[in-house]
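Accompanying notes for the structure given below.
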Amino acid sequence: MVFGMDPKIFTAIISAAFVLVVFTLMARSWFRRTRRQEADGALPPLPADLSEREPLAAVEGMYVATCLRGNHFDRVMGHGLGLRTSARTFVYDDGVLYDRDGAEPLWVPAESVQGHGTTSGMVGKFVERDGIVLLGWRLRDQEVDTGMRTKSRDGKAALIAAFDHLLAQRDGSADGQTATGSDSTNPGTTNPETKNTGTTNPGATHLEPTGHTKETP
């Protein structure tokens, strides 16, 4: 007993202090990592004419996270890329736009795209098999995967078909490419049955990027 204090109360205080120290250290590490990643450079710039173009697909859902390739528990923190939020995904011939609520839009140029696939889980979000659509791409010197959980199966099919079309058009091939090179049973892997289905996109909706609305006279 310390200064007449009940041992149980003393133990509770020590435990609470320990937890507070641990969370403080974690928060500091989180903020340092975020600042370091943001200092490495800005996100790819958005094309100025996006609001004037018709996308291959426009799909609503949840932006899950952007994580390092091969480790979907290691999220990219800079520019809010590791934060889950509702979003709309727009696929164009020259890239993919993730229009995220409460965060800056993420533009992935077609030349940075390495493939696509599906997974059942990323950090903080686990769903049914193949329930998250992945886009594999290169962010500066890092290979990363961005996950999108669509609102519907039709939206998922539309997104996959549009990714196939983007890759086929960019590479001049008949089929789209897959992102991570193995089966779809593990997080971070691809669906071997995903093929290019052309430009028909079931489930695609007419949406406008919230930050890039076309001006009216």
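Just so you know, glycine gets a Cβ as well, placed from its N, Cα and C.
Features of the protein shown, as given by TrEMBL:
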TRANSMEM  12-31  transmembrane segment
DOMAIN    41-162  domain 'PH'
REGION    171-217  region 'Disordered'
COMPBIAS  175-184  compositional bias 'Polar residues'
COMPBIAS  185-203  compositional bias 'Low complexity'
In the domain 'PH' (41-162), averaged pLDDT is 95
Reduced to three DSSP states, the domain 'PH' (41-162) has 19 helix, 63 strand, 40 coil
